[in-house]
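The structure under discussion appears below in the form of structure tokens.
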Amino acid sequence: MICSANEIGLYEMFPHQEFEIMDLSGLKLKVGQPLAQALGLAGIVFDIDNKSLTNRPDLWSHFGIARELSAIYQVPLKGYDFELEPDIVANQSKDLRVEIKERKLCPRYLGCVIENVKIGESPDWLKKELLAMGHSVINNIVDVTNYVMEEVGQPLHAFDLALLGQKLQDARNNKQGTRLIIRRAKKGEKLALLDESELALDDEMLVIADSKKPVALAGIMGGRDSGINERTTAIVLEAANFEAANNRRTAQKLNIRTDSSQRFEKSLDAHLAAVGMRRAIKLIKELMPAAKVSPIVEAGNWQEEKNVIKVSHDFLERRIGRQLEKNKVLGILNRLGFEIDEQGGVYSIIVPGWRATGDVSIAEDIVEEVARIDGYDNLNEKEELVALTAAKYQPEYDLENKVKNYLSVGCGMNEVFNYPWADEKLMERLGLKGEVGIANPPAGELGFLQTSLVPNLIKNIQDNLRFLDNFKIFELARVYTAKMAKWDKKMADSLPYQPKHLAGAVVTGKNEEPFRQVKGILEEMFNKLQITNYKLQINPKSQIPNFINSVRRFELVIGGDVVGWLGEVDYNQLNFKNKKVALFEINWEKIIGLKPAETKYQSLPQHPSIERDIAIEVDWPVKWADIEQFILTPRTRGKDLMIQDVSFLSEYPLENKKSLAFRIVYQADRTLTNGEVEPVEAKIIKLLETKFKAKLRQ
């Protein structure tokens, strides 16, 4: 039987053209034997929790893991010997020149020209190793760079020498030269990567360039136009060390994550560059004995520095909480690669380079190393008497919980939690602007922190309309403005003003009144908070967003200060699938500082009130709030103040007009009769006809 490699899960291992056939008849195989075992692909895979690896760049390699296991289990570590014999790097026909213009971003760069290479398939052992590690098999050179990266933790890259620009000629030595420049990209400079993506770079990004253009994004990915291919006969092999923060910023800004960038952003030991270079050259020579290797060229200002930490034996015992034998401490640290000089109970400890890039830097780090290798299970259990102190009372949190409970339990609203960044396209569509930019946005369009909670609520509405017809949501979160932070003058230049806002939305069918629901929700909320001096006002110059209906929009005012707004969405600007949406947003910081009104007892009226409903026809521009306020004016109420209260009931569209309904409550110090109320009602209707050209509906 003949099978395609793709049919049996070996697509990555064999040539994609599938011109060859693997004959298994010569192997001593048994019927029913797993193919993976027959081909030598079966092996042990260790699944290691990433919690320890994230902050340990030395563990991002097989040798690093082996070194750690050697220390834990006290077994000898088989070291590596990658030193190169002088005759291996004896080719003098090519000259490589490296210029580093950003030494802080690239402290060390090693390059080497290798000629007479033949690009082809890797041997089976190398393919099997890479496939077991989760890598695709590409070709012998790329496979070697990936293998070395996994083996020792140093990312490598290979350029096609012939595709690098402008060759230099040294007449004195009769050698051709190639120049590589490590520099910042020029703003707007373009680079096509190996994955066929084309990037627009900026001057914060580090690139490897030839004399004409960028040929690689430093530490992240090589360029397409300088990559090796089946016609390549000479390469430039690169092993370098790049600054972690710049590498991560570039990768995040471009939304590119590679095996290489993930290692560099952990702060690699610069010593690894030479280890990785020598190991790769050895492997290439093993695979291609005829390859000619030029001397390794090194550039940069990196110098190996020794980080010395002094810690006393007594300090270790006090921090770990038990007595330790001195020989045990020395043994643990020696196995981990530390050099120790002990005098008078004080250890002078030299941190190995692979742990000195930020992982081990203070005495407490030494405590952790000794304790974890000795075993946390050896720590003695001890009951500690701890004095409990009462938590500081923070009334603002009680207020938040009270309001959240009211909105969720009392009003049936669902609380949402959104990320604090805003979609720039949605903000622009809503007529809003971001004020505080994000240096490393999580995505290209999320470049600003939110100045309002409403855009994210609108996105929540759009997402939930796929599943729900009617719903109510709210959020209590911070917004970010360019205004200086007022709570800390020392940090005002670095922190934006970030007050908390409360926002909510009510979504209903097109025949319902979400605005009235929002209005009622806020009125009852203020009643529960004992805030009585609030009012809704119409302000043509308000800062309410333009997508809110010009008729149903109100500022929320407390004590003369605008604290928020509420309104109904203008459906000509935002379409929610035949749904009505009402929104509100309140500056919560202004609510926190308010004092609750005193609770006053008021006896029930001795005489009953009379409620009368009226419906009037008005032109579309007329606002119901204007009518409500007009009815409550002294001129309309009259001398006896018989009109006690007015509430808006509903609004219905008519042909060229609209119908507004109100409920008017009449109250006096006596029992009113219909005969007394009717003249007052007639007066109200007459005044409305004069003021608003209203017409009573029969």
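Each Cβ is built from the backbone N, Cα and C atoms, and glycine gets one as well.
Owing to the predicted nature of the structure, the values given are computational and were not obtained by experimental measurement.
Per TrEMBL, the features are:
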- 304-381: domain 'B5' (DOMAIN)
- D359, D365, E368, E369: Mg(2+) binding site (BINDING)
- 605-697: domain 'FDX-ACB' (DOMAIN)
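In the structure shown, the C-beta of E369 has more C-beta neighbours within 10 angstroms than that of any other entry among the binding-site residues D359, D365, E368, E369.
Listed in chain order, the residues near the Mg(2+) site other than D359, D365, E368, E369 are R355, V360, E364, I366, V367, each with its Cβ within 8 Å of the site Cβ centroid. D365 (Mg(2+) binding site) falls within a helix when secondary structure is assigned with DSSP. Sorting the domain 'FDX-ACB' (605-697) by DSSP state (H, G, I as helix; E, B as strand; all else coil) yields 31 helix, 31 strand, 31 coil. In the predicted model, the domain 'FDX-ACB' (605-697) shows an average pLDDT of 87.
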